[in-house]
């Protein structure tokens, strides 16, 4: 049986440490906090959690340290919702602060559609950028300086053209204080796991020129990764692709929208409806009722076993609710068993603890992205007939197929690559991807996109 003293000492030993950098620690959906570390691929090792990623070819560039491991929970969101990302110098907010003022540079937000949100490694193809900002010459401020002014909060609207489904959403900060002198750009990033519940029907068709592999979209030699912020020569060019924001039509019929009729508990990684207390991506579940001595002591064991799972691994954002679970519930059961009160479990009020928002939730930096397009034209930033500007169910001569979950496509598989995390092109060998061998000669246009020339893709 685990004692409270042991658990408390374990929590102290695993307490997060700040290295004067920053971490994406919490996010809000339409102003509502989802909880510290909840639905976020939080680093499993607390020691480097706020450290920058300096190797742009590393898989860590996709979703941060330990970001190839899915979080246990996925948060539901409506189409066009405003997501607010919170960055902290201390993962558990024990001290205020967003990022050191010397760490000046741009911000970006990327999105990746996935079919396997809990197991997808994040690294690889399928990413596109929905927004970025570098240096504002009118205000003479870098994006990170605006982030500091907003107390670490950055809000974006989800594009209205995201079909219902699972997405990784990746806020990114780039600090340039050592980029020119030492050739070390510092990236700070993470990924939220969300499910868009009521987006438009159809496939997410991102124009080929906006799609990137992460890692692979940068090599570190870009001017924006080697910029001298102390003797700047503007304009500054932000590394990575140009943003693309798919927009849905304003004249869509209800039949063209995926209006979910099932509860959010049906999605992969849904937070259990009977969750008594949550800490990051852990949930304490109800203890089985008991009415005798053996049942009482079994409940003690069960309770502390759940508490142990909360600490192992301990999230970088802290264990305050793990402490609550053990102290308020497990200890209460243990005390009653010791007093020979074998009816239970006792009713205990468990309220999720977490820091207050550091400041007012700011308006979305890409206001209007969540709105529907006017009927008369394509979405801004896209060309007629490309991308998800009109989010049609009509795929031309393509059959209606399931999105490939394993990278196979064409033939008798019944799978299309459009929307697959492996890439949107189906090769002649029946493999999804977005490289020349997938999108070039022999590409199966009935099961994905095909490149017709440099930078062109037949949709």
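Backbone N, Cα and C define each Cβ position, glycine as well.
Database features, via TrEMBL:
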type     : residues : note
SIGNAL   : 1-20     : signal peptide
REGION   : 343-405  : region 'Disordered'
DOMAIN   : 406-452  : domain 'Chitin-binding type-1'
DISULFID : 425-439  : disulfide bond
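Residue 425 (disulfide bond) has a Cβ environment of 31 other Cβ atoms inside 10 Å. Remark: secondary structure over the domain 'Chitin-binding type-1' (406-452) totals 7 helix, 12 strand, 28 coil, with classes taken from DSSP.
The 10 Å shell around the Cβ of residue 439 (disulfide bond) contains 25 further Cβ atoms across the protein chains shown.
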